[in-house]
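Colleague: Below are the features listed in TrEMBL for this protein:
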type     : residues : note
COMPBIAS : 334-344  : compositional bias 'Basic residues'
COMPBIAS : 689-707  : compositional bias 'Basic and acidic residues'
REGION   : 290-356  : region 'Disordered'
REGION   : 686-707  : region 'Disordered'
REPEAT   : 107-140  : repeat 'TPR'
REPEAT   : 482-515  : repeat 'TPR'
REPEAT   : 516-549  : repeat 'TPR'
REPEAT   : 584-617  : repeat 'TPR'
REPEAT   : 652-685  : repeat 'TPR'
Amino acid sequence: MIVQDPIQVIVWDCLNNYEYDNAIFLAERLHAEVASEETAFLLGTCYYRAGRVNEAHHLLQTISLTLPQSRFLLAKCAIELKSYKDAEVILGTNMDIVASEFGEQAPYALQLLAKIYNITERRNKAADAHRKALSLNPFMWKSFAQLCNMGEKVEPHQVFHHSNTDFSFGVSTLVNLVSNSENISFVNSNIPNNTSLNTNVTPNNMSSKTPMIMSTSITPEPQAPVKRMHSVFSGMAPIPFSPSFGMLPMDESPVLYTPTLTDSNEQKALPKIVNSLRAQMGQLKDAVFSPAPRCTLGPAPRRSSRLFSNNNSSYSVKENNKSPSRKFVAPKSPSRKSKQRTAKNIKSNPVETNERAKSIETVTPAITPKNSNAVALLNLLKELGEAYKALSFLDCKNAIKLFQEIPSKQLASPWVQTMIARAHYELAQYEMAAKVFAEIRKQHPNRTEGMDIYSTCLWHLQREAQLSALAQELVELDRNDSIAWLAAGNCFSLHKERETALKFFKRAVQINPDAAYAHALLGHEYAAAEETDKALASFRTAVSIDPRNYVAWFGIATVYARQERWKASEVHIRRALAIHPHSGVLRCQLGVAQAALGKMDRALATLERAVALDTENPLCRFHRASVLLRAGRPDDAIDDLSHLKNIAPRESLVYYLLGKAYNKIGNPHMALMHFSWATDLDPKGTGGHIKEGFDPSKQEDTPERAT
């Protein structure tokens with residue numbers, strides 16, 4: 001019979017049921033009784049999950065760590081506390097060594113390293129770490145997304161790739177374990193869930209005379225004849241429980257089972273065995289593959305790993321050689337004699353052992369890469385990866401097409417719809433983007449991802465009521481979410497309440513200092529308030545966080561343009577265009593800078609392309625008309641301006657430029673009429689420019705002065 005420490009089982013059960021206070025209390029009792037790295041890791045895990053990162057960090061920092069799980073947890077705590085140098089030392093800098101030392105946690109450890117490298121602006125190393133993580137585990141979507149966001153060329157069909165040996169799901173391990181160990185049992189899923197942790201411990205067989213000591217020792221007792229199973233920990237001395245701690249009365253002292261670390265990979269593969277067997281073999285549909293219920297202190301227990309701490313987990317296999325169907329039933333706990341007799345049968349009957357292995361082999365051919373759930377997931381990740389890659393490189397039309405081609409269930413998911421809405425936003429199709437976002441908001445009112453982009457769409461569309469309602473709902477939903485304060489900032493920015501908008505944008509940056517988009521919006525608001533130094537500081541912070549944030553590069557270019565530093569403006573707008581070459585607004589700003597530098601031919605070519613990219617954007621046509629007017633082509637300018645007059649009938653600058661154009665072609669009556677309309681629309685802004693229209697010495701002034 002195999003026994004495990006019930007205290008650890010209870011703690012993990014509390015964690016699995018999100019009862020963190022109770023888990024911390026019990027883990028503290030265990031660690032106070034037995035101060036070891038194993039119990040410190042368990043207590044640190046409780047602290048971390050409860051959000052008490054400082055306590056977890058202090059606890060693990062005060063002891064010498066040898067286990068990779070403990071080092072990984074300490075590194076996560078250090079990163080959250082912004083101790084990046086300490087975290088890097090804990091993890092190590094050699095990626096190959098990290099991959100070998102952390103085992104199945106290696107992809108996650110490499111992700112932590114990549115985060116450190118990215119924050120400390122060692123982006124080449126960050127990309128290498130993400131690639132290494134993906135090579136170890138192709139399901140690390142976060143690493144793939146980060147590579148795309150960094151502008152790295154990564155091919156989804158190579159990343160999310162499988163071979164015949166990639167996903168055996170521990171079938172060979174299953175055969176070996178069942179063939180060589182009597183410590184594996186199949187537990188009938190119909191057994192009630194309310195049975196005790198050890199089914200052999202019942203009121204009938206309990207005795208107050210003979211105590212059963214619950215030990216977490218990692219080495220088996222010398223008299224234990226059972227096979228060793230697999231654990232996360234090894235190389236640790238037995239935990240010396242005091243006689244009064246962790247004792248349970250029982251009629252006999254059982255064999256204490258304590259696994260080792262040497263075969264930990266096989267035990268970690270057992271949850272995969274459970275899932276694949278339940279999915280692929282009908283005859284095991286109601287059975288769970290369960291080793292002895294040792295509570296391992298590895299990564300956070302997944303649903304499958306909870307099987308190891310469920311009730312009824314100490315049943316053994318009941319063999320019936322006469323039954324060809326090999327039905328699995330809930331057997332009774334064997335006595336000591338029956339265990340000895342079973343052990344003799346194992347040694348003396350190798351034929352039965354071989355038959356058992358063959359019987360498992362006969363039901364495992366269905367577990368193949370071609371029809372496994374993992375391969376289906378990889379194929380889905382390939383499709384999503386292609387679409388996400390296109391969106392990351394701002395090939396938005398292709399991204400929308402690829403997203404719409406994925407299966408309908410995935411297409412209806414909020415994440416995919418958010419990506420589609422974002423693609424429309426990047427194309428300046430604000431109406432369509434707002435429509436998709438509104439539907440997401442209707443279906444998932446508590447979802448905040450992408451709502452900052454939604455608020456910007458509403459800002460561009462000048463929809464004050466909708467933006468105000470959105471900001472209020474998001475702030476009420478979570479006042480500690482930076483996205484809510486970005487929406488509030490956009491709302492007050494639309495109302496031209498600069499001070500309040502700045503206050504809310506600052507709050508968003510305070511909550512999430514690593515949000516590049518928040519810094520960019522704060523910079524634009526500073527620029528609108530004519531605080532250029534603060535605007536430049538915010539934009540530079542944004543590009544230091546995310547060098548591919550073209551909104552921030554564009555903001556720097558506009559600030560330099562207002563300062564008439566056209567050369568610097570051209571340099572920075574080209575940086576933005578390198579990131580988003582399909583943006584008509586960015587090309588329009590480049591054309592303005594080129595025109596200011598006297599490069600009229602280049603400016604006209606750039607503006608022609610800007611209009612072709614975004615035919616519905618009036619700003620591109622306005623600047624093209626301005627450059628045409630300066631280049632001595634007033635007739636072409638009048639065509640553009642007449643088109644703009646129909647699109648924006650209340651824009652005073654359009655009438656002002658039309659007046660200048662008519663004045664150049666010798667039509668003073670039309671010129672005076674348009675100057676008069678411009679004055680009526682904006683008497684303060686255009687009154688001074690009417691005089692320039694009739695002043696021969698200022699006929700060639702740049703129309704940008706009107707802005």
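Glycine residues also receive a Cβ, built from the backbone N, Cα and C atoms like all the rest.
TrEMBL does not curate its annotations; it predicts them automatically.
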Colleague: Just to confirm my parser: what is the rounded mean pLDDT across the repeat 'TPR' (482-515)?
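Modeller: Over the repeat 'TPR' (482-515), the predicted model scores a mean pLDDT of 93.
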Colleague: Counting only residues 6+ away from its ends, which parts of the chain sit with a Cβ under 8 Å from the repeat 'TPR' (516-549)?
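Modeller: Sequence-remote neighbours of the repeat 'TPR' (516-549) are 121, 123, 149-151, 452, 456, 482, 486, 489-490, 493, 498, 501-502, 505-506, 508-509, 555-556, 558-559, 562-563, 579.
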Colleague: Could you give me the DSSP helix, strand and coil counts for the repeat 'TPR' (107-140)?
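Modeller: Split by secondary structure, the repeat 'TPR' (107-140) comes out as 27 helix, 0 strand, 7 coil.
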